[in-house]
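Written below as structure tokens is the structure these notes are about.
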Amino acid sequence: MWLLLTMASLISVLGTTHGLFGKLHPGSPEVTMNISQMITYWGYPNEEYEVVTEDGYILEVNRIPYGKKNSGNTGQRPVVFLQHGLLASATNWISNLPNNSLAFILADAGYDVWLGNSRGNTWARRNLYYSPDSVEFWAFSFDEMAKYDLPATIDFIVKKTGQKQLHYVGHSQGTTIGFIAFSTNPSLAKRIKTFYALAPVATVKYTKSLINKLRFVPQSLFKFIFGDKIFYPHNFFDQFLATEVCSREMLNLLCSNALFIICGFDSKNFNTSRLDVYLSHNPAGTSVQNMFHWTQAVKSGKFQAYDWGSPVQNRMHYDQSQPPYYNVTAMNVPIAVWNGGKDLLADPQDVGLLLPKLPNLIYHKEIPFYNHLDFIWAMDAPQEVYNDIVSMISEDKK
């Protein structure tokens, strides 16, 4: 870690003093902002709330109740809830310019937009009973996000808006917890008007992402390397890279390719001028247990709950010796799916296994040149994805 920091500092000094590695681009103001500040910076109204889950986690939730173009309309607006993916946060939906960020596009289209955060990320790192310094705080995976985080947040939104149903947009792990929650919790599923799944992930049997490589690491060694608390939080080093290293012309492309290695390549569709914003808010962290759960999923090729490591432990949690499988065929929520042909995480083969199991699939589009991150950051995402979502929600109002 210190070696990396030293190298990064050297690059910064050489770049500043001797002009190597190109000019340092002026930083984007959002680099040092929180979610509320990012929203209001662009002139949108913002409301910030804290949602407390049944097991005590405190999640920050943000609301953009209307857009810049329709503030005079005081009537009830359709509610759209956006849920981020793995190692991410609600900033994903507002990191581009307003005409390229889904949250702002939906608000300007006349919708009541809510942004969720999953436990353990930058904006959801508190608990009523446990300190984030404790092992107990980090004893969760996407199982608990589906069981506790989604119901608590959706219930809060329903009560706050007075509307019985909402539209759910999930990206990556945001689709995973949606599949689990809406197939195992029928009362919650009734509150979802339509599920819009971007880069959906259920099984990861064919994934080519870095998670695939981690599957070879035994649990004991995994914990020895990564510990048993937080995995990949955003820290000073990440912020330094974003503002002092990756903002230089010659290193900009190198840094963007580092992101692509994880999720797939599409450099032509990537707005490098926003790279400092992406890197200053990502990764947002999760638990080591959550990452190990994903490695279990790669190994098994199945969509199932976390394996606690022994039949005895599994019986304590599930009343059976093996972790239960998740059955997406039990989810009757109408769902529209978009996936990418070059997605290393949500591999097209895994998506191909998922689609026939969805009993109420209303739309599917595969974008051949899209990778995993294109769905939130691509310059042509409005044309390829977002405009379709807006149209579908609009049709649903009629």
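Note that Cβ sites are derived from N, Cα and C of the backbone, with glycine treated the same way.
Swiss-Prot has this to say about the protein:
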- Ser172: active site, nucleophile (ACT_SITE)
- Cys246-Cys255: disulfide bond (DISULFID)
- 78-377: domain 'AB hydrolase-1' (DOMAIN)
- Asn34: N-linked glycosylation site (CARBOHYD)
- Asn99: N-linked glycosylation site (CARBOHYD)
- Asn271: N-linked glycosylation site (CARBOHYD)
- Asn327: N-linked glycosylation site (CARBOHYD)
- 1-19: signal peptide (SIGNAL)
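Structural mapping of features recorded in Swiss-Prot.
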{"residue": "Asn34", "record": "N-linked glycosylation site", "DSSP (3 states)": "coil"}
{"residue": "Asn99", "record": "N-linked glycosylation site", "DSSP (3 states)": "helix"}
{"residue": "Ser172", "record": "active site, nucleophile", "DSSP (3 states)": "coil"}
{"residue": "Cys246", "record": "disulfide bond", "DSSP (3 states)": "coil"}
{"residue": "Asn271", "record": "N-linked glycosylation site", "DSSP (3 states)": "coil"}
{"residue": "Asn327", "record": "N-linked glycosylation site", "DSSP (3 states)": "coil"}
Counting other CB atoms within 10 A of each CB, which of the recorded positions Asn34, Asn99, Ser172, Asn271, Asn327 comes out lowest? Asn99
Determine, using Cα-Cα distances only, which of these recorded positions is closest to Asn327 (N-linked glycosylation site): Asn34, Asn99, Ser172, Cys246. Ser172
Cys246 (disulfide bond) CB neighbourhood, other CB atoms within 10 A: 26
What whole-number Å value do you get for the CA-CA distance of Asn34 (N-linked glycosylation site) and Cys246 (disulfide bond)? 20
Nearest of the recorded positions (Ser172, Cys246, Asn271) to Asn99 (N-linked glycosylation site) - Cα to Cα: Asn271
